[in-house]
């Protein structure tokens with residue numbers, strides 16, 4: 001009777017208004033085996049969306065052409081370097097006048113309002129069309145070299161400069177360039193601190209004007225940095241080629257350390273928590289002592305009469321640390337924080353003990369079900385398939401359609417600018433006469449069919465279904481793991497009563513009976529994430545036109561959607577646990593999980609904080625250990641023990657790769673552990689509400705938990 005009274009009072013204190021424990025089936029002995037399909041309508045909708053997604057991929061595959069991304073496109077919309085075309089041996093795009101790229105009419109994807117042709121190599125010298133007309137008479141080799149950068153083949157440079165510029169047949173000038181991303185860009189270099197192009201600081205642009213390298217650099221819009229980035233990329237690739245096997249060894253060690261940490265938590269969870277807790281208390285106590293010393297020191301100085309009102313608002317924050325009031329305020333804040341932590345430890349000590357016991361129980365459960373640690377690899381495979389399919393569909397959709405040409409005016413002053421045009425005979429049209437110098441250039445790929453008109457809609461659909469599938473894969477993993485760990489908890493005699501292949505069985509149940517429910521929960525989360533992405537997109541597009549009020553509302557909306565997403569993820573995860581145990585639909589499982597958690601809100605708060613601390617500490621510990629070993633190896637500081645790679649360009653490249661990879665591996669292991677703890681915790685709360693320790697309703701919790709909760713089973717009492 002005492003145990004029941006303790007249980008009722010604890011429940012009422014923590015969540016009285018969220019309902020009382022329900023009357024459960026007295027014959028309950030673990031996850032329900034005989035169950036029916038849930039949320040069938042949502043399952044059908046999910047299957048229809050997947051079929052539509054497959055059809056969308058097929059349509060994009062038929063209409064799209066990824067070569068349009070792999071190959072640069074000239075002003076006529078033809079690919080450079082494509083086999084079976086006249087441009088097969090001309091794989092580099094050449095700009096007639098790169099200086100026009102500073103015009104307001106510059107479009108995306110390196111498109112400039114100047115003629116672009118495909119060439120076999122970039123120019124290597126300075127030459128102008130006017131120079132060619134004079135030098136051709138003495139040496140035809142000059143024209144032979146220059147003509148390969150012209151759109152039309154001429155036997156000799158007979159046209160005047162104005163006629164050439166009007167017909168866009170040849171560039172007015174060429175200068176030394178380098179191929180980058182299959183495009184010719186200026187060959188910048190620095191000589192004695194001065195920017196040069198082909199060892200020249202000034203050059204003739206072909207129209208009689210003298211230009212300098214700085215103007216060309218502004219026109220290239222940071223291409224020099226991109227060239228430097230390319231050189232860095234080559235060095236990074238060399239470092240990866242030299243250290244890839246060491247990286248694999250480091251990631252393997254990280255996997256082993258993660259497994260060891262999870263296993264050792266059975267013995268070290270309590271020690272880690274109390275070391276951290278008392279460490280925090282000690283650090284805060286030192287801060288209080290330090291603040292008191294600074295306050296006493298400033299109290300004795302003549303400037304002690306200064307205060308915040310005297311010095312006013314200062315941009316130099318260090319000025320405020322010269323005031324005794326600042327140190328006094330910090331001391332009061334730290335004292336209150338210290339008192340709060342101590343009181344929390346005193347009044348919540350029993351719940352902290354429960355949390356630590358659950359952490360140990362989770363480590364024991366994974367020890368009995370080691371196959372669960374392999375499941376993140378399956379989740380990674382499913383996620384990789386979803387991401388790859390989304391990327392391919394997005395690529396094919398972006399390259400669907402026929403070439404679209406637009407009117408481009410170099411000066412940006414033309415009423416017909418950005419209108420669709422036909423490059424064939426454009427110079428004889430009324431648009432060319434109304435806008436002298438305007439050109440008809442390739443802009444993008446599109447069309448007038450119904451399919452091409454809804455490309456943007458299809459891209460949004462592609463993104464939405466991608467988010468839905470990603471969340472479904474994660475939900476499937478959570479439900480399968482929850483079912484496996486629930487089978488462990490509800491086994492009265494562990495490990496004898498654990499059913500065979502619990503993870504495989506739970507995965508099959510989730511797919512067979514709860515696809516609709518998992519799709520329902522994933523749909524809610526995908527809608528929220530879609531709204532967040534749309535909000536971010538609108539923020540980027542309307543950033544310059546926003547007022548202070550709109551910026552404030554935007555921040556509020558972003559904060560609300562972020563909080564909503566976190567809350568839905570938490571509720572969904574617990575709903576999947578209830579679903580794995582009782583086999584109910586999503587709404588009923590979410591309701592039952594919410595009521596159960598609200599009746600035990602203090603236990604939830606303490607459990608989450610303790611679990612988060614242990615998992616974060618574990619991730620940092622694994623990544624830190626591997627990082628230290630990798631640092632000593634890649635900086636050649638372990639020659640006596642082991643000889644690592646030598647002559648690395650950037651040792652931090654493989655080092656960061658190993659650290660980030662180790663953290664991701666540890667996160668995969670600890671995500672399983674976190675799901676294990678959450679499932680065991682839900683089952684523990686259900687066990688407390690369902691059973692009373694009698695022979696008919698024995699407790700399923702471990703002996704350590706029974707001892708903490710002051711519970712005993714009838715068989716134990718008889719003994």
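Positions of Cβ are set from backbone N, Cα and C atoms, glycine also.
What TrEMBL says about a protein is an automatic prediction, not a curated fact.
According to TrEMBL, the region 'Disordered' annotation covers 1-22.
The transmembrane segment annotation in TrEMBL covers 38-62 (among others).
Among residues of the same chain six or more beyond the transmembrane segment (244-265), those with a C-beta under 8 A of the stretch's C-beta atoms are 359-360, 362-363, 366-367, 373, 614, 618, 621-623, 625-626, 629-630, 633-634, 644-645, 654, 657-658, 661-662, 665-666, 668-670, 673. Residues or ranges marked as transmembrane segment by TrEMBL: 244-265 (among others).
As annotated by TrEMBL, transmembrane segment applies to 271-289 (among others).
Residues or ranges marked as transmembrane segment in TrEMBL: 327-348 (among others).
According to TrEMBL, the feature transmembrane segment maps to 373-398 (among others).
With a threshold of 8 Å between CB atoms, the same-chain residues lying at least 6 positions outside the transmembrane segment (460-491) that come near it are 28-31, 46, 49-50, 52-53, 56, 365, 368-369, 372, 375-376, 378-379, 382-383, 386-387, 389-390, 393-394, 397, 497-499, 502-503, 505-507, 509-511, 514, 518-519, 521-523, 525-526, 529-530, 533, 572-573, 576-577, 579-581, 672, 675-676, 678-680, 683-684, 687, 700-701. The transmembrane segment annotation in TrEMBL covers 460-491 (among others).
For 511-535 (among others), the entry in TrEMBL reads transmembrane segment.
Within the chain, the transmembrane segment (613-635) has long-range Cβ neighbours (under 8 A, six or more residues past its boundaries) at 243, 246, 250, 253-254, 257-258, 261-262, 265, 269, 272-273, 276, 359, 642, 644-645, 648, 651, 654-655, 658-660, 662-663, 665-667, 670, 673-674. Annotation source TrEMBL lists transmembrane segment at 613-635 (among others).
Among the features that TrEMBL reports, transmembrane segment is placed at 655-685 (among others).
Just going by CB pairs under 8 A, the stretch in 38-62, 327-348, 373-398 that sits most against the transmembrane segment (511-535) is 38-62. Panel annotation: around the transmembrane segment (373-398), residues 53, 56-57, 60-61, 63-66, 69, 259, 262, 366, 445, 455, 458-459, 462-463, 466, 469-470, 473-474, 476-477, 480-481, 503, 668-669, 671-672 of the same chain, lying at least six beyond its termini, place a Cβ under 8 Å from a Cβ of the stretch.
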